[in-house]
Amino acid sequence: MSAIITLSLLAILVLYLGLFKARNALLPVSLLGLVTTLVMYAVQWGIDANPLYSGMVLFDHFAVAFSVLCVLLTALVLLLSKDYFDKASPHVAEYYALILFSLTGAVLVVSFHNLAMLFIGIEIMSVALYILAGIRKKDFASNEAALKYFLMGAFSTGFLLFGIALLYGASGSFDLAAIKQYVVSNPHAISPLFYAGILLLIVGLAFKVGAAPFHFWTPDVYDGAPILVTVFMATVVKTAAFAGFLRLFYFCFVPLQDFWMPVLLVMTIITLFIGNITAIVQQSVKRMLAYSSISHAGYLLFAIVAIGPASGESVLFYAGAYSLSTIIAFGALILVKRATGSEHFEAFNGLAKRNPYLSLAIVIAMLSLAGIPLTAGFIGKFMMFSGVLADYQILLVVLAVINAAMGIFYYFRVIVAMYFRPIDRDQVVVSSQYKAVFLLAALITLLLGVYPAWLTGLI
Amino acid sequence: MDNLFILLLIPVLGALVLAFVQQAKAARQLALLVSLVSLGLTIPFLVQFVPDASMQFEQRFAWIPSLGIHFHIGIDGISLPLVLLTNGLIPLIILSAFNYDYKGGFYALVLFMQAGLLLVFTALDAFAFYVGWEVALIPIYFICALWGGENRIRVNIKFFIYTFFGSLLMLVAIIYLHMQVPTEDYELTSFYQLGLDASTQRWIFWAFFIAFAIKMPIFPFHTWQPDTYTEAPTAGTMLLAAIMLKMGVYGVIRWLIPIAPLGTAAYGQLALVLCVIGVVYASVIAFKQGDIKRLIAYSSIAHVGLIGAGIFAWNVQGLQGAIIQMINHGISVVGLFFVADILIRRLDTRDMAAMGGIAKPAPVLAILFLTIVMGAIGLPITNGFIGEFLLLMGIYQYGIWYAALGGLTIILGAVYLLRMYQKVMLGEVNTQTAVFTDIRGTEWVVLAVVVVLIIGIGVYPKPLLDLSEAAVTDLINKVGLIR
């Protein structure tokens, strides 16, 4: 709990730092605050957790592991932003503060033990994001993204809230334990309201994770928002939303699996195909990554379709691997766009000759996204496939295999551009923070790919 | 010095160092040194190997314990020849690249691929096998796409997606098999003992078969192969043809048939027919080729088709023939592609119509090339003879008609390979070929080694056959005959 308080206070502190024009202090203070938060979480690890504050939050291993992941990813995103937002906006402090507020929401989403808390967490996370998406006030695309995200987000929140209300109506409680008790004790007399509530929750949560057919906002918002905000949405927010999704379903709805599993199965298949097929035809790397994030939402849904004790670990691993690669990919895109003014695949042409190490990091990221062995992405996919096969969903896995092969096509386009289409170009300047982030992310991706044992068995 | 793990580690370490070497000369010397060290470290295994059916030099470490995955490697009579082949051919392939100014990155990829190949040939854990399988693929993709010909981008993405799709199917099958194992591991021996029902084995068969058939390649999964071989740099073609396709063959022997014998009983005949079709089909197409590299590529499909047919016949002769023929084909194809590379480099064309009469200005090359061609055709006292003889004997036991059709490979092979030799080496010289210089330096070394191996194995193949005999017999007895 102290971690959440620290995070909230940190965000307010950063906001006030902006008021006093202490621009250079923003990044160190934010990072210091995040490290403090990490230490607090680390202390909480291994303690036999009970629900706190009238059962509002529960810091079990699941919650702590995902919180730590979110905080780490945010730290990486912030490291990238020193160079980015100082140039993009005069109000840098707002940006830092909003990201930290959003992170506070995210850690609530992964540690809730009460549906009210889930709702509050999602709102804290989202409201900050609505502003972040439109933080470039003069930019048309950024405004469009913010408006779209806000309208669609508000709409889906309505569904979520309605679902929660129906669950309350049927079970008489917002508390997860009480809802679970209701499901377990009345296996044959569950109110139809309850079923309708589950469906509405699926709609609301699917929107937040960007799963088809509720994904329509994703490409435009990812494309229009400033790249770093997109990175934050695609990594921290997605991870948190999936963790919340899984937490709710694993805690409460496992006995009703026969009811909701087919729905999610169909959604998973649609998500995979829409994400991958549309990604193939993109000309802009940013949009390609947006659609690839949809397809990865599809793979992540595997863990919920084949829900079980191993699901948490699979999502943690997959989301971590995916997020690290995404940070590299978008970070490189920022640099390339700054150098060439373009987000197209052609902008990467001949990069390998001038920036061999940057290109190598991008290759590792792309291989990880594509799920090639010796990268973390492969282990993630492997865990997902294992989980689903244990559930005997062979058809789903075969479809997923077809999609994984499609993924090669667009991830390798970046590699092909960098290495096999040599043109004369200037060296892309990489600042030291960017170098640190790329090095760290690439190394972790490889380490987890070669020896994943030190991260398995956590949850 | 018989630590298998170190044998796998040396190429990786070499690759890591070489990745940072920018100077071409230093890079190739270091690469050759590393590959020779690998070859040298293989000798203790060969000397200490006891030619029985047991698994030897085993090593097993926990890799991902929570998922039941171990890094389990070992060598028996079936994998030892392939380990020898890999470590023996890599120095030759590196030597053959000495005529180009490749930097360290190129050799790093070659050595990294070597590590992947060795892992495939020694893995006793399905997960490790799969990792090796993919690790071998990434470097060859980069080798072919970075240093290849004009169409390299399109051709190689096709190659990659094709093989990646196949291997993913295999991954699905591996995970499925793992789910059935009571001890929750990925051990080869656990997979052997599963005894699944026939309907499950049937789709397991296809999941593995497609992956291996694409790699080998067996007709009709071969369409990526001629383009990729032609567009690749010669060293890449050699890696693909001489070693990488053996991954598929080895996979059939080690994984596919013993794990899914009932599946093989249902579809093995179909697979054998596909192999035989491949033999005839590729031979006919090879005959029509004017491009020397493409011709050798198709000849490779024909030869592999015969090896595949010998395996699916599933008897001691067929399997023994397959193993020795894998070695022979590797050696011959390195020789053939290297001669093609010499010709292409000097004449700047792949078109055989522009060659001719080269035997006159280059007599040494002519003699060595003739020996290699004879080996590829399978004439007695060359290595190809004993392999094809055993293979045909094995197929004959399965069915006389298959053997008759498969036997066409010898006749057709003689036709198109001799025709190639005649077009290139004999006949009238033209202005280009009149000034052809004979082989020298490293070219001489590579071709001499290849020729010595061809004759050596052809005259006295017994040591090589003895290596695998016990293991092969034991495997056939364990699985039983498949009809």
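Placement of Cβ uses the backbone N, Cα and C atoms for every residue, glycine included.
Annotated domain 'NADH:quinone oxidoreductase/Mrp antiporter transmembrane' per TrEMBL: A:114-406, in sequence order. Residues or ranges marked as transmembrane segment by TrEMBL: A:57-80, A:92-110, A:116-135, A:147-169, A:189-207, A:227-253, A:259-281, A:288-309, A:315-336, A:357-380, A:392-412, A:433-454.
Beyond its flanks by at least six residues, the transmembrane segment (A:147-169) meets 115-116, 118-119, 122-123, 126, 129-130, 133-134, 179, 191, 193-194, 196-201, 203-205, 207-208, 214, 216-217, 220-221, 224-225 of its own chain at Cβ-Cβ distances under 8 Å.
Taking Cβ pairs closer than 8 Å, the transmembrane segment (A:357-380) reaches residues 292, 296, 299, 314, 317-318, 320-322, 324-326, 328-329, 332, 335, 348, 351, 404, 407-408, 411-412, 414-415, 418-419, 428, 430, 438-439, 441-442, 444-446, 448-450, 452 in its own chain, all 6 or more past its ends. Spatially, the transmembrane segment (A:288-309) is adjacent to the transmembrane segment (A:392-412); three or more Cβ-Cβ distances between them are under 8 Å for residues at least 6 apart in sequence. At the 8 Å Cβ threshold, with sequence separation of at least 6, the transmembrane segment (A:57-80) lacks contact with the transmembrane segment (A:259-281), having fewer than 3 such pairs. Contact between the transmembrane segment (A:433-454) and the transmembrane segment (A:92-110) does not hold: fewer than three of their C-beta pairs are under 8 Å, each pair 6 or more apart in sequence.
Sequence-remote contacts of a segment are chain residues at least 6 beyond its ends whose Cβ falls under 8 Å from one of its Cβ atoms, and for the transmembrane segment (A:92-110) they are 3-4, 7-8, 10-12, 14-15, 17-19, 23, 26-27, 30, 33, 57, 62-63, 66-67, 70-71, 74, 77-78, 81, 85-86, 117-118, 120-126, 128-129, 131-132, 135, 232, 236-237, 239-241, 243-244, 247.
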